[in-house]
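Trainee: I have a structure I would like to understand better, so I am pasting it below and will then ask my questions one at a time.
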Amino acid sequence: MRVVFGLLMLLLGLCGSGAQGESGGLGEEGESSELQEEWTQQTKNTTSPDIWVEMKELRDMVVELKVYVQILQKDNSEMAGRLTSSERELLDIKKRIDKLENLNKANTKVAFYTALTDAGYVGPFTTDTTLKFSKVFTNIGNAYNAATGFFKAPVKGVYYFQFTVCGHHTGLMGVYVYKNNQKIMFNVEWKEDQLYKYFTNSVILELMAGDEIHLALPATHVLYDDGSNQSTFSGALLFPL
């Protein structure tokens, strides 16, 4: 604005000096020239610093903008890195969840069927003895261990178990059913002859993951099994809890 005003004043001065030159001669022209020089110098003194100040301000604004843009670019880069890291973490979590879901699905398929032995008589023993049903025909979920005779619940749920035992002697035949170290069932028969005799029983139990079930032969009792699989033990998960 100051520059424009100065140009207008200069134009008016030139017009005025031209008019004076036509009427007043050389003396007046000299005086007008001095006035013009004085005004020009004054204009330079008053306008030039303002222009440089404005240019400096503009330059400073450009520098600040560049710095701001660099900061934004850095923040965007860091944000992109964090997002990439978060995406990787979410992907890892999803994989772990899928793995656990698949494992859980596998663990919810539990069923087994076994027979006792091909050796004939089992017992009598002087102490209660765990029955190891060594002939495994079905063991979905691998919850039954033929080496120990124990079934171990892989998940919390309701389970169904059934056993059939055979006697082929005169005397006692019987079975204990254990949940962990707790005796929860006892079945016994006395045989008067050496003919085959059987009894079957079943039980439904709510088990926690890790609970164990096994059968035991009471002391002095005898069972029988051979290639016909006459003494058996089986079970299955009815539904998880």
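Note: Cβ is positioned from N, Cα and C throughout, glycine not excepted.
Checked TrEMBL, it gives:
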SIGNAL    1-21  signal peptide
REGION    22-46  region 'Disordered'
COMPBIAS  28-37  compositional bias 'Acidic residues'
DOMAIN    105-241  domain 'C1q'
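Surface or core, plus neighbours and distances: that's what I need for these features.
Mentor: Confidence in the domain 'C1q' (105-241), given as mean pLDDT, stands at 93.
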Trainee: In the domain 'C1q' (105-241), how many residues does DSSP call helix, how many strand, and how many coil?
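Mentor: For the domain 'C1q' (105-241), the helix, strand and coil counts are 3 helix, 80 strand, 54 coil.
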